[in-house]
Amino acid sequence: MAEPVSHVTAQMPRAKLAGLLLFFLGPAVVIYTLFSIYPLVATMALSTYTSDPSGSRSFVGLANFRTLLGDALWSKPFWNALGNNLIFFIVHMCVQNPVGIALAGLLSLPGVRLKGFYRTVMFLPTMLSVVIVGFSWNLILSPLWGVASGALKAVGLGSLFAPWLGLESSALVTLSLISVWQFVGIPMMLIYAALLNIPEELIDAARVDGLGQFRIFFHIKLPLVLPTISLVSVLTFVANFNAFDLIYSVKGALAGPNFATDILGTFFYRTFFGNQLQLGNPTMGAAVATVMFFIILLGLCLYLFLVQRRIRRYAF
Amino acid sequence: MANLRIEQLNKRYGATTVLNDVNLSIEDGEFVVLVGPSGCGKSTLLRMIAGLDGASGGDIHIAGKLVNTLAPAERGIAMVFQSYALYPHMNVRKNMTFGLKFTGVPPTERERRVAEAARMLRLEELLERYPRDLSGGQRQRVAIGRAIVREPAVFLFDEPLSNLDAALRVSTRVEIANLHRLLKSTIVYVTHDQVEAMTLADRIVVMNKGCIEQVGKPLDLYYEPANLFVAGFIGSPAMNFFEAEVKGIEGGRARVTGAAFRDLDIPAASLKVGDRLTVGVRPEHLVRGEAGAFIAEGVVELVERLGEASFAYLRRADGRMFVAEVRGRRTPAPGETVTLVAAGPDVHVFDASGLRLAT
Ligand SMILES: Nc1ncnc2c1ncn2[C@@H]1O[C@H](COP(=O)(O)OP(=O)(O)O)[C@@H](O)[C@H]1O
Ligand SMILES: [Mg+2]
């Protein structure tokens, strides 16, 4: 049997060990530091400064955060965007993930024909550019020349049609559903892969035990892919804060109507880069980005401590 | 407990035939072992009995009832899988009761059955454990327990011992034999291991390439193999085969000659001069001597000493090898030329199509 690595490294001269560590860990550390840690720290540092119209910066401590959360001019759009993010997230959790799980379950049934075809078709939107998806749905749902109203009329449901993307009450949910439509392929594929990992004999044993396909899914398959489902939930949570492009391409930076679709991504964009009459304010933008970072961190910590520790992975 | 009848069963995947016209009748309470080389269709046959795979043709009757269209759970069977297939997210107790919940067994009855199976299989201490915390042998017993609590008419085992180490395999084999004695249920047991087949079976079904070659009691298969395949498959080391030809027929006896043995006399029956035959003798039936129905010479090349017996590998006159069992402490030395003989009843003669002739 080979010697354990810890023995080998213990006997190595320190200089040689350091060289070895540098060789294996160095590249990753350099890249990670350069492109992840440095920007993060720089952003946090920037958020503690303010710049006057002449362009010179001065240190203000946590004043930017006080403004962001305390000054109604800033806090109102901030809380609005955070609330919208929450709705965006809930729609994804309640629609995208269950639909993804259901599609994966259907694909994993024995004897489904054209599996490869369905899999590709359902994954296709994920590979499209968000700009194209946003533009297409804008056209489809347009009350003037969209096919949606005509299609509904054709099946006698014309009265149900409304300019969903234009109404304050429905714009955000509509955009969320467009995003769900585009990205449902990702949870589907991840969960499908996990389902394929379940041994055939286990399913056979359940069949001998008298379970139908539906019960097999709920009592056997679902519990066994729970770790993947929780992973998908985390991905959904993080992606939700990165969402920006769809809203920007469909609604522009103002996230209308009347900021009904404004999420933290678009709010940050307007703050940092400016928009129309609003001047760009990099230091306030950095403060928004820092708050977003801590919200994501909090969410992940809650997940790690409350959920991850209770979930068991099964080796087959 | 029930009998099992299989008629004209066929299984095809596209153009490949996996099972070809299988007919088999199993009595109530019988322990039948399906044995054959890997890929011969044993698992397929078992899965079709279980209802996990559909048939391409033919009928299966369990307890006199045609079950072709019934779901696995409605057939009154229980199956033990090669990988055990325990539910990893349920403890031992739950693994055993899980199936009963869906077949309408009331909770008190479920508990009674689990307690009884646990006692029988010495699982009482393990009921709250999860499969990941069990050893291979314990998992195997849980898998058997899960089958027992279903109180099936027929137990189906698919190579249940092949994932166990050698020592555990022997002790589990004994346990399964005891279990059968206790439960008196019908068992169909698949293995590719002839020792398991010989030790466990009331009757053995030897399969090859999707067909049944022979069905019979273990010792009947050993002493009276129906054909070349069964003769070569049952017994370890395998039977020695010698090419032969009918040289002459005189007074109801045929004189059989071959390059590697001295002439042999067998009943002529319907043999003709020039017929090609195969003569088979088991290594354990060859002894050193000068006179016997079958006499062959060989030069010892290698001796394997196992303790209770040794196996001598000999080069024979036609250049091929054959094996003889040697008992006792004195084994021939490599290079030595020895003469080996076998008694008449131990000499098997097969015709050109592989069927055994009466001798
Ligand atoms: N789904 C399938 N499609 C095509 N061939 C199959 C399928 N399942 C099994 N076979 C073939 O059937 C034959 C018998 O398989 P099996 O019953 O598993 O053999 P074994 O006797 O080793 O248990 C094998 O040659 C295998 O390749
Ligand atoms: Mg098999």
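Using the three backbone atoms N, Cα and C, a Cβ is placed for every residue, glycine included.
Feature annotation from TrEMBL assigns domain 'ABC transmembrane type-1' to A:82-305.
Sequence-distant contacts of the transmembrane segment (A:20-41) (same chain, at least 6 residues past either end, Cβ-Cβ under 8 Å): 9, 12, 293. Marked as transmembrane segment by TrEMBL: A:20-41 (among others).
Residues 115, 118-119, 122, 172-173, 175-177, 179-180, 183-192, 195-196, 213, 217, 221-222, 229, 232-233, 236-237, 239-240, 243, 263 of the same chain, all 6+ positions outside the transmembrane segment (A:86-109), place their C-beta atoms under 8 angstroms from a C-beta of that stretch. Marked as transmembrane segment by TrEMBL: A:86-109 (among others).
The annotation transmembrane segment is assigned in TrEMBL to A:121-140 (among others).
Per TrEMBL, transmembrane segment is recorded for A:146-165 (among others). When Cβ-Cβ distances below 8 Å are used as the criterion, the transmembrane segment (A:146-165) is approached by residues 137-140, 171, 174-175, 250-251 of the same chain, each at least six residues removed from its ends.
Nonlocal intrachain contacts for the transmembrane segment (A:172-196), taken as residues 6+ away from its ends with a CB within less than 8 angstroms of a stretch CB, comprise 84, 87-88, 91-92, 95-97, 99-101, 103-105, 107-108, 119, 122-126, 128, 130, 133-134, 137, 141, 164-165, 221, 224-225, 227-229, 231-232, 235-236, 239, 243, 246-247, 250-251, 260-261. Under the heading transmembrane segment, TrEMBL lists A:172-196 (among others).
Look at TrEMBL and you will find A:216-241 (among others) tagged as transmembrane segment.
The transmembrane segment annotation in TrEMBL covers A:253-272 (among others). Non-local neighbours of the transmembrane segment (A:253-272) in the same chain are 77-78, 80-82, 84-85, 88, 166-169, 171-172, 175, 241-244, 247, 278, 280-282, 284-286, 288-289, 292; each lies 6+ residues outside the stretch with a CB under 8 Å from one of its CB atoms.
TrEMBL lists A:284-306 (among others) with the feature transmembrane segment.
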